[in-house]
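Noted in TrEMBL for the protein shown:
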| type | residues | note |
| --- | --- | --- |
| REGION | 45-95 | region 'Disordered' |
| COMPBIAS | 64-76 | compositional bias 'Low complexity' |
| COMPBIAS | 85-95 | compositional bias 'Basic and acidic residues' |
| COMPBIAS | 157-170 | compositional bias 'Basic and acidic residues' |
| REGION | 157-196 | region 'Disordered' |
| COMPBIAS | 171-191 | compositional bias 'Acidic residues' |
| BINDING | Gln255, Lys271, Glu292, Ala375, Ala376, Met377, Leu378, Glu449, Asp464 | ATP binding site |
| BINDING | Glu292, Asp464 | Mn(2+) binding site |
| DOMAIN | 339-488 | domain 'FAM20 C-terminal' |
| ACT_SITE | Asp444 | active site |
Amino acid sequence: MMRQKLGRSTRSIYLYLAFLSLALHLLLAFFCFSILQTACVPSSSSSSSSSSHPKTDSEHRQSLSHSSSSPAASSSNKLPTILQNEEHHKLNSNKLDRKEKDLLWDATERENTLTGGLIRKVKGWSKLEALFKHPLYNLPPQSLQDDDWLLRVKKNTEHTSDKESEKGSEEGSEEEEKEDSIDADGDWESASEEKGYDKVSWTTELETHPPWLRFHLGISRWELYDRKDPNLAQLTHYLAKQRVLGAVQKTGGTQLKLLMSFPNYGQALLKPMRQSRDAETDVNLFYFSDFERHNGEIAAFHLDRLLGFNRIPPVVGRLINVTSEIREITTDHRLSRTFYTSPAGNVCFYGQCEYYCSAEHPACGQPHSLEVSLAAMLPDLSLAPRRSWRSPWRRSYSRIKLAKWQKDPAYCDTVKQTPPYNHGTRLVDLIDMAILDFLMSNMDRHHYETFEKFGNETFLLHLDNGRAFGRHSKDEPTILVPLKQCCR
């Protein structure tokens, strides 16, 4: 009897312990499941996304913070992981797009602020036209007197009563009357039609003058041309389209240059393409050991015009047929002897000059077409003499020596006491030229010129920019030494 009761109580205890153990196991299992479920939601999402593409640590932290802060995170166990990732990347991409748009908008606003809000997309305006609408480009012009113009057309003059015709014969008087009538009318008629030149008749009226002559007559004490002068567009068009009548090599200088003639008696200075447009000077070459660039001349003219200097003669680019427009019409025997056909079938020439004029450094067409720059010529030296000035900040042009300004930080104090830099605007004009040279990386400014007629009270001619933009990916701060030393 006692054994039966003891057996029942023992079974009850075992059963109770079994239920208790089962309850504890269920409770532990539920607790562990809840912990594992919470920890695995972000890792499963990141692992699935990492299977599609690699993710950086910063992106992973952004996805974790986004998942924990988003209202959809509480129900993430109900959504497919791929859908969560797509939504997550869309949100991130939208944020990045908004940031990029904000940055672009800020940059545009800054640009508009710097340019007075005028560089914007306006119907009928290019960005260059909009820039020239800025007030800085529309300052009141300086009043010019008669002696402020380089060249002037002679006005009609009255002839005195003591003419030589009274002393001459009757035939002589008739001839002189004809000459006087021509002078009085201010006419000039060409008699060279048989040579290929146009038959022209120029009077005192500007409309009868070709663009190159109007350019010469527009040179003043302060600039080569007026930016608003409509003749500027006509001159550049004339340089680019006018028929070539003659080609000879220009004397002087260190590299190949040609003097081109046109039927209306105009001329232009040609520099051929010697290397590709974007080719840079080798880092191991000195500033004086490189080809001149035809596109450097073109870009220098436009940069000078954008800065408002107007001190570089107009330059255009043009395709020239080296056979029909140079070789077949040149009268320069030294030049004609240097023409040959390359193994590739291209017509080449190299001319005669101090440097880079050899069969190893030719200018070649493709096979006949050659890209060149054409610069408008200044008035002949017999009509408008120019003076050449050695730049105080000229480089030594030596591989081992330094110039004085490179060794003496107070060099400008000496320059400011030396004429013509001790009065007037000559020194600040020189600094303007240094800034222009810095922007186009031109280290070859050894001399500059002025028109003798205007003395020291005039602008500086920014000529010979063939070595500009040689190292367009690197600035050369030593070009700004005049600005740094003079602090003007």
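Even glycines carry a Cβ here, placed using N, Cα and C.
All annotation found in TrEMBL is predicted automatically rather than curated by experts.
Positions of the features from TrEMBL, shown on the structure.
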{"residue": "Gln255", "record": "ATP binding site", "Cβ contacts under 8 Å, 6 or more apart": "Lys271, Phe291, Glu292, Cys353, Glu354, Tyr355, Tyr356, Cys357, Gly466"}
{"residue": "Ala376", "record": "ATP binding site", "Cβ contacts under 8 Å, 6 or more apart": "Trp212, Phe215, Leu235, Leu239, Ala268, Pro313, Pro314, Val315"}
{"residue": "Leu378", "record": "ATP binding site", "Cβ contacts under 8 Å, 6 or more apart": "His216, Ile219, Pro313, Ala384, Arg386, Leu461"}
{"residue": "Asp464", "record": "ATP binding site", "Cβ contacts under 8 Å, 6 or more apart": "Asp444"}
Other CB atoms within 10 A, centred on Glu292 (ATP binding site):
25
Within 10 Å of the Cβ of the residue listed as 'active site', how many other Cβ atoms are there?
19
Could you state, as a whole number of Å, the largest distance between Cα atoms of any two of Gln255, Lys271, Glu292, Ala375, Ala376, Met377, Leu378, Glu449, Asp464, the listed ATP binders?
20
What DSSP reports for the domain 'FAM20 C-terminal' (339-488) is 36 helix, 26 strand, 88 coil
Mean pLDDT, the domain 'FAM20 C-terminal' (339-488)?
94
